Amino acid sequence: MSEREPIGVIGTGYVGLVTAAGFAELGSDVYCVDIDADKIERLKQGEIPIYEPGLEELIAKNRERLHFSTELSDALERARLLFVAVGTPPTYSGDADLSAVHAVVNAMPVSDHHALVMKSTVPAGTGTSIKRLFTATGKDQFRYVSCPEFLKEGSAVKDFLHPDRVVIGDDGDWAGDAVAELYSSLDAPQVRTDINSAEMVKLASNAFLATKISFINEIANVCEETGADVVEVAKGMGLDDRIGPKFLQAGLGFGGSCFPKDVTALKQLAGNSGYHFQLLNSVIEVNELQKRRVMGKLQKHLGTLVGRRIGLLGLAFKPNTDDMREATSLVLSARLQAAGATVIAHDPIAEDEARKLITGIEFAPDALEVARDADAVVLVTEWDQFRALDFEQVAAVMAGTLIIDGRNALDPAAVRAAGLTYEGVGRSH
Ligand SMILES: NC(=O)C1=CN([C@@H]2O[C@H](COP(=O)(O)OP(=O)(O)OC[C@H]3O[C@@H](n4cnc5c(N)ncnc54)[C@H](O)[C@@H]3O)[C@@H](O)[C@H]2O)C=CC1
Ligand SMILES: O=C(O)[C@H]1O[C@H](OP(=O)(O)OP(=O)(O)OC[C@H]2O[C@@H](n3ccc(=O)[nH]c3=O)[C@H](O)[C@@H]2O)[C@H](O)[C@@H](O)[C@@H]1O
């Protein structure tokens with residue numbers, strides 16, 4: 001018997017698994033359901049299908065409370081709150097693809113004691129249309145709560161257990177209260193609001209963070225023209241409480257499964273509602289250009305890239321994940337090959353995923369093998385082991401001398417002291 005209310009979790013991707021493990025840690029029995037039978041089988045064997053620091057340990061610790069199945073009925077029979085964490089990828093138009101969400105909604109039975117709790121990121125208005133659908137199909141007693149997720153890959157477990165806030169959008173019924181109660185043991189402010197507003201908090205938060213990144217990237221580009229150093233500029237800006245130091249790291253642009261899709265989804269949502277969201281067009285465009293700027297830097301130093309050997313350090317969209325969705329490395333490896341370069345890359349964790357998505361490049365077992373005989377090396381993902389590289393060793397094996405620090409993560413002085421040429425993003429020091 002669990003100490004706390006049992007819950008169901010539908011979808012066992014990043015968000016589903018972290019939510020399940022997190023609530024199990026807080027004392028709930030969790031009934032996880034996924035349509036991917038292979039994934040469920042692996043989870044039953046104790047195998048964790050994604051790389052996320054701390055998740056395997058948290059799942060192992062709470063093994064007794066975690067139950068995995070492909071049958072929705074296993075969750076429906078034991079839990080009244082069903083957390084939905086299925087994917088909402090972009091369609092070709094840029095709108096969110098809600099087909100997986102609708103499959104879940106359609107599979108719900110007539111019930112007066114169940115609620116869907118939406119963790120998936122959906123456009124504002126989705127809850128309202130789901131409730132309309134429930135009413136039209138005689139399920140008007142089925143409750144609905146929006147409870148968007150704000151975790152970051154790479155620190156997802158910590159983000160779940162120590163969130164900045166918990167947002168709960170509901171109709172003021174038992175379901176909203178039950179979700180609030182579940183989260184009450186976390187030391188975090190709760191924002192209880194209506195469903196539309198909760199949905200918008202999520203989209204607006206991601207769009208704002210993406211805007212901050214595109215903004216600092218443009219500042220970095222201006223720094224390159226004016227001799228200022230963006231790291232110093234970001235430090236000076238970030239000390240202003242109203243601005244804050246986070247998400248002011250200039251680099252090769254944002255990637256991942258969420259910022260690109262959610263910024264576009266919000267732009268589409270606005271457009272579909274008759275409002276042209278100009279700012280977001282720029283955020284997206286700046287990001288696309290930023291991914292490609294490194295090509296110009298390589299050409300500035302090397303001239304033509306035909307026949308050049310270019311090493312990439314890191315492939316994942318950010319460190320501490322094996323997620324390759326919308327990773328800058330996808331664009332970069334394609335552009336480099338199109339320009340006639342040979343590309344060699346290493347990622348400590350994401351290589352298996354990368355092999356599925358990137359063709360025509362060589363994979364090296366470590367950073368030094370990336371550097372061997374390379375005309376230039378580009379840091380794409382700021383894994384800790386790349387920060388700690390011995391650049392004397394790197395210089396000894398390279399054919400050329402150019403290091404492009406695409407994440408401003410290296411020590412320029414250490415790179416230069418090894419006789420190498422350092423080029424960051426918006427850096428003059
Ligand atoms: N990945 C992240 O860091 C974050 C993601 N989100 C949002 O959470 C949602 C889920 O994202 P991820 O976990 O990354 O997705 P994912 O793609 O890793 O996992 C989705 C899972 O849902 C399963 N699924 C699909 N249809 C199903 C159905 N009808 N019944 C049961 N299971 C089904 C899939 O088999 C898959 O295992 C998305 O809306 C995303 O925008 C929100 C915050 C953070
Ligand atoms: O909705 C989501 O899925 C999640 O999206 C992001 O999380 P995530 O994509 O995991 O990773 P971030 O740490 O936000 O990084 C996203 C991208 O921005 C880039 N970035 C981040 C910060 C920065 O200062 N500069 C910068 O270029 C990263 O390299 C990465 O490519 C948000 O940070 C989470 O709050 C949100 O829940």
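Quick reminder: no glycine exception, Cβ is built from N, Cα and C everywhere.
TrEMBL does not curate its annotations; it predicts them automatically.
What TrEMBL records for this protein:
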- Asp34, Lys39, Thr88, Thr121, Glu153, Lys261, Arg325: NAD(+) binding site (BINDING)
- Phe150, Leu151, Lys152, Glu153, Lys202, Phe247, Leu248, Gln249, Ala250, Gly251, Gly255, Lys318: substrate binding site (BINDING)
- Cys258: active site, nucleophile (ACT_SITE)
- 311-412: domain 'UDP-glucose/GDP-mannose dehydrogenase C-terminal' (DOMAIN)
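Everything TrEMBL records as a feature, shown here on the structure.
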{"residue": "Asp34", "record": "NAD(+) binding site", "CB count, 10 Å": "22"}
{"residue": "Lys39", "record": "NAD(+) binding site", "CB count, 10 Å": "20"}
{"residue": "Thr88", "record": "NAD(+) binding site", "CB count, 10 Å": "25"}
{"residue": "Thr121", "record": "NAD(+) binding site", "CB count, 10 Å": "22"}
{"residue": "Phe150", "record": "substrate binding site", "CB count, 10 Å": "16"}
{"residue": "Lys202", "record": "substrate binding site", "CB count, 10 Å": "26"}
{"residue": "Leu248", "record": "substrate binding site", "CB count, 10 Å": "21"}
{"residue": "Gly255", "record": "substrate binding site", "CB count, 10 Å": "24"}
{"residue": "Lys261", "record": "NAD(+) binding site", "CB count, 10 Å": "22"}
{"residue": "Arg325", "record": "NAD(+) binding site", "CB count, 10 Å": "18"}
Listed binding-site residues among Phe150, Lys152, Leu248, Ala250, Gly255 whose Cα sits within 10 Å of Arg325 (NAD(+) binding site): Gly255
Candidates near ligand 2 among the recorded positions Asp34, Phe150, Lys152, Glu153, Gly255, Cys258, judged by a Cβ under 6 angstroms: Phe150, Lys152, Glu153, Gly255, Cys258
Candidates near ligand 1 among the recorded positions Thr121, Leu248, Ala250, Gly255, Cys258, judged by a Cβ under 6 angstroms: Thr121, Cys258
Structural state census, the domain 'UDP-glucose/GDP-mannose dehydrogenase C-terminal' (311-412) (DSSP three-state): 35 helix, 18 strand, 49 coil
Assigned conformation of Lys261 (NAD(+) binding site) - DSSP reduced to three states: helix
Local confidence of the prediction over the domain 'UDP-glucose/GDP-mannose dehydrogenase C-terminal' (311-412), expressed as mean pLDDT: 97
Densest Cβ neighbourhood among Ala250, Cys258 (recorded positions), 10 Å radius: Ala250
Recorded substrate site residues Phe150, Leu151, Lys152, Glu153, Lys202, Phe247, Leu248, Gln249, Ala250, Gly251, Gly255, Lys318, farthest C-alpha pair in Å: 24
